[in-house]
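Presented below is the structure to which this report refers.
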Amino acid sequence: MLSDTICAIASGQINQAISIIRISGPNAFKIMEKIFLGKVGKSMEITFGWIHDDNQKIDQVLVLWFAGNKNFVGEDTVEINAHGGVLNTNLILELILKTKLARLANPGEFSLRAFLNGKIDLVKAQAINDLIHAEVKVQHQAALNQFLGKSSNFIKNLIEKIEEIIGIIEVNIDYPEYDDVEILTSDVLLPKINQLLADFDQLIKIANNSRLIYQGIKTCLVGAPNSGKSSLLNILINENKAIISEIPGTTRDVVEGNFVLDGLLFKLFDTAGIRKTTEKIEQIGIEKSYESIKKADLILHIIDASEKNRQNLDLKAKARPDQVYLKIYNKSDLLENQEEFKDEILISAKYQKIENLLEKIKSIFAFLGKNKEFVANSFQISQIELGKLAILDAKTSLESGFGPEIAIVDLRIAWKELKTIFGRVDDENLLDSIFSKFCLGK
């Protein structure tokens, strides 16, 4: 794979002031000698000249030269800074490919090469991709912590603890005659395993919060027809996306939108009003409402406070323990006496008076902004959970009467699952799967 040369537009297919075309591999400098009228630079040098095709000038550019491994990719690399028109940039890329000395890079292939060349580990590689795709401040900070290695230290600490236990077992197996070696029975080993499991549980608990950071907090707006769900969604996303009408059952399908609060991304779902109905299409919409409730992290149950005979929807009973449920009374502007609702979340979507709701949501999810050190993406969480399962298998073996020489097999599996987070893997398909999600040219 690393014996060929790759190229791609690193700055995206849009009109812009400056575009970047990246070439990496053993033929990078040779290609430039064919298409560049200007000085071939030394490593870490910038030179000025023309890109040409058989002396037909195409664009005046700046070229950054990186020889050897003194760059992100870890091999000979050239970056052409051209005028950023889409046509102009693609003409240069086509000219590079025309030399037959390079092929078009796959998505994420420059980062993959950086990983294979030992310039970055898998955590840092994924952090780069997360930085690129961050939509809100908390996502950006989480990705930056990953890139700086802050999260890695927590996982490395677990790896070291597993290695320590494996080492003790191996010494007992290989050198049983040594007087200064602690005799390792199941009774001695089990407390160490239990402590290890407690450490895994603590890390998984913290890591699971990362999903809310990376994927956004799925927020479902539910309630009876005409309670003000659509009005609230339009206020939150600052857009008239949901249809507002006095006719019950106007919203038939799930309407989606995003909003940012306190640096966190909330993904909103406005659902069909829930009520008893014989209308087939409306029934389908109500079924989708219940499906959205199941998927939500935050359930906002909107109730018309002005309605005397309110429909009793016991939606709280449908919420899981891991879901946040909030009952919100809307249409405060129609109330003569608000005393009944003094302990409730009372809003007026019509007049955009929702400050108390926003403050409540901020207070509930404030903990996500406080975890500045450890975050994990879905791949990393999966590996940590697989590691824990292997430790549980080791514990089961010991409790079933098997000796440490059996438990060590599962401990080594746990060790491997955690090491995979950093890219110590032999599975090429796994690497392809991870890096294929990256941008072209990265």
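Along the chain as shown, the residues are counted starting at 1.
Glycine residues also receive a Cβ, built from the backbone N, Cα and C atoms like all the rest.
Annotated features in Swiss-Prot:
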BINDING   Arg22, Glu79, Lys119, Lys442  (6S)-5-formyl-5,6,7,8-tetrahydrofolate binding site
DOMAIN    216-366  domain 'TrmE-type G'
BINDING   226-231, 245-251, 270-273  GTP binding site
BINDING   Asn226, Ser245, Ile247, Thr250  K(+) binding site
BINDING   Ser230, Thr251  Mg(2+) binding site
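Cα spacing between Lys229 (GTP binding site) and Arg22 ((6S)-5-formyl-5,6,7,8-tetrahydrofolate binding site): 49 Å, rounded to the nearest whole number. Here the Cα atom of Lys119 ((6S)-5-formyl-5,6,7,8-tetrahydrofolate binding site) is found 50 Å from that of Ser230 (Mg(2+) binding site).
For Glu79 ((6S)-5-formyl-5,6,7,8-tetrahydrofolate binding site), applying a Cβ distance below 8 Å and a minimum sequence separation of six or more within one chain yields Ala10, Ile20, Ile21, Arg22, Ile23, Val63, Leu64, Phe66. A simple way to gauge crowding: the CB of Ser230 (Mg(2+) binding site) has 24 other CB atoms within 10 angstroms, across all the protein chains here. Each of the binding-site residues Arg22, Lys119, Lys229 was scored by other CB atoms within 10 A of its CB, and the lowest score goes to Lys119. Its Cβ taken as reference, Asn226 (GTP binding site) is surrounded by 23 other Cβ atoms within 10 Å in the chains shown. On the 0 to 100 pLDDT scale, the domain 'TrmE-type G' (216-366) averages 79 in the predicted structure. According to its DSSP assignment, Lys119 ((6S)-5-formyl-5,6,7,8-tetrahydrofolate binding site) is coil.
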